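*Asks:* One structure is given below, represented as structure tokens, and several questions about it will come after.
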């Protein structure tokens with residue numbers, strides 16, 4: 001059976017909260033530092049190579065990008081963060097926008113925080129997970145580019161990050177490895193997101 005996420009289509013890009021769709025559906029947001037592989041995750045999940053643009057210049061995503069899965073069910077690509085070439089004023093605008101989104105958006109059903117498995121749990125990652133915790137939302141910590149490490153190193157990093165997350169958030173954050181290249185962890189993430197959005201598998 002194919003995943004309903006494969007039906008995703010671009011809907012809109014929003015620079016302010018006023019441009020967001022009506023707040024009466026269900027949506028899952030994807031957050032991550034610039035160059036963590038967020039666009040590749042979205043493209044892999046949907047089996048669409050060009051759904052989310054993979055920029056050669058990290059930090060270019062300057063808005064919330066909405067993709068429609070089914071009517072009133074969305075995937076949301078949040079602005080990448082933490083890249084030095086982005087002007088300070090723009091970083092402040094993003095932060096204000098993201099703060100407002102997390103505190104006001106009732107349609108939000110869950111958060112996927114994308115982290116490069118070689119550089120996990122930066123300050124921004126913890127901040128995003130804290131947002132989810134404060135709202136009582138489920139969150140999935142995604143250790144991407146897992147193919148860059150051997151199985152032993154993957155397991156070691158996974159356990160280390162799990163211990164750190166437990167210290168900060170008790171057992172409220174789920175964690176998994178993921179690779180767009182080998183498709184490792186794709187089915188696991190499909191299941192998580194489909195459950196959050198209340199989607200049924202397509203025969």
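The backbone N, Cα and C atoms fix where each Cβ goes, and this holds for glycine too.
Okay, these came from Swiss-Prot:
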- 24-199: domain 'EngB-type G' (DOMAIN)
- 32-39, 59-63, 77-80, 144-147, 178-180: GTP binding site (BINDING)
- 39, 61: Mg(2+) binding site (BINDING)
*Asks:* Cα of residue 145 (GTP binding site) to Cα of residue 39 (Mg(2+) binding site): how many Å, rounded?
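*Replies:* Rounded to a whole number, the Cα-Cα distance is 12 Å.
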*Asks:* How far is it from residue 32 (GTP binding site) to residue 39 (Mg(2+) binding site), counting Cα to Cα, in Å?
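*Replies:* If we compare the Cα positions of residue 32 (GTP binding site) and residue 39 (Mg(2+) binding site), the gap is 10 Å.
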*Asks:* At a 10 A cut-off on CB-CB distances, which of the binding-site residues 35, 39, 63 has the highest count?
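*Replies:* Going through 35, 39, 63 one by one, the largest Cβ count within 10 Å is at 39.
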*Asks:* DSSP on residue 38 (GTP binding site), three-state: which is it?
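*Replies:* SS state of residue 38 (GTP binding site) = helix.
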*Asks:* Measuring Cα to Cα, how many angstrom lie between residue 39 (Mg(2+) binding site) and residue 178 (GTP binding site)?
*Replies:* 13
*Asks:* Just to confirm my parser: what is the rounded mean pLDDT across the domain 'EngB-type G' (24-199)?
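*Replies:* Here the predicted model's pLDDT, averaged over the domain 'EngB-type G' (24-199), is 90.
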*Asks:* Quick check on the binding-site residues 38, 145: which one has the highest count of other Cβ atoms within 10 Å of its Cβ?
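*Replies:* Top count of Cβ atoms within 10 Å goes to 38.
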